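To start, the structure itself, in structure tokens.
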Amino acid sequence: MNAASTVVKPVSAQSIPVQETFGPTIQGEGYWAGAVVDFIRLYGCPVGCPWCDTGYADGGPQLPRAVRTFSDLILELKSPRVVISGGEPFIHAALPALVEAIGRTGRAVAIETSGAFWQPVPDWAWVTLSPKEHVSPRHPVNPQMWRRANEVKIVIAGGAELDVYRRFLPPGVPVSLQPEWEARERTLPLTLELLKAHPRYRLSVQLHKYLQVP
């Protein structure tokens, strides 16, 4: 399956498939960990990470979905910062228009992505690239995404992940290493050792899971 065939076209120009929305809560991962945010979790992801914590390891056919208008989504927002996650947000052709619509309300927007797909989102939007090519070789990171990313977050499950991506990491872009949650008794010590060897990088610990908030 190529990237072009995976892009989901909107039912209307101002709508998009949504799995769930929630907030205010805190961002638990990456550069903005601890910030108060609202989440818009878009439906759908073909990447198939085996440890996916949002239900898409098998493609997510059982997950809830609803086509929502931008205006309805914006009415629900309560925080100054909005995180658009998934699933994989960049499979949706309507993503750039959604980001623009939220931006017109004066809110900051961050987008979480595997980087396998590309849409030209506004320059002011924050893009968190969490590459998954090492577990899904059929979905390599789009080269444009390495140049566009505002931060890179690498999930550490076996320890070799950093070696896979280190040559692609853009100079000056914040990089965080995040231990895979389900095996954290093993992956947290492993991640700490990697950080000692690469002290320019930072630790991401999925703070929301430790605090047991959405």
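Each Cβ is built from the backbone N, Cα and C atoms, and glycine gets one as well.
Neighbours of G28 (substrate binding site), defined as other CB atoms within 10 A of its CB across all chains, total 21. The substrate binding site annotation in Swiss-Prot covers I26, Q27, G28, R41, S85, P214 and is backed by sequence analysis.
Feature annotation from Swiss-Prot assigns [4Fe-4S] cluster binding site to C45, C49, C52. The Cβ of C45 ([4Fe-4S] cluster binding site) has 29 other Cβ atoms within 10 Å, all protein chains considered.
Sequence annotations record features per position, and here Swiss-Prot assigns Mg(2+) binding site to T54 based on sequence analysis.
P131 (S-adenosyl-L-methionine binding site) carries neither a helix nor a strand DSSP state and counts as coil. Look at Swiss-Prot and you will find G87, S130, P131, K132 tagged as S-adenosyl-L-methionine binding site, backed by sequence analysis.
Residues annotated as domain 'Radical SAM core' in Swiss-Prot, with sequence analysis given as evidence: 32-214.
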Residues satisfying Cβ distance under 8 Å from Q27 (substrate binding site), sequence separation of at least 6: A33, G34, A35, V36, V37, R81, V83, A110, H208
Annotated S-adenosyl-L-methionine contacts G87, S130, P131, K132, maximal Cα-Cα distance (Å, integer): 13
Binding-site residues (G87, P214), the one with most neighbouring Cβ atoms at 10 Å: G87
Other same-chain residues whose Cβ falls within 8 Å of the Cβ centroid of I26, Q27, G28, R41, S85, P214, the recorded substrate site, in sequence order: F22, G23, T25, E29, V37, F39, V83, H208
Rounded distance in angstrom between the Cα atoms of I26 (substrate binding site) and C45 ([4Fe-4S] cluster binding site): 23
Span of the substrate site, taken as the largest CA to CA distance across I26, Q27, G28, R41, S85, P214 (Å, rounded to a whole number): 15
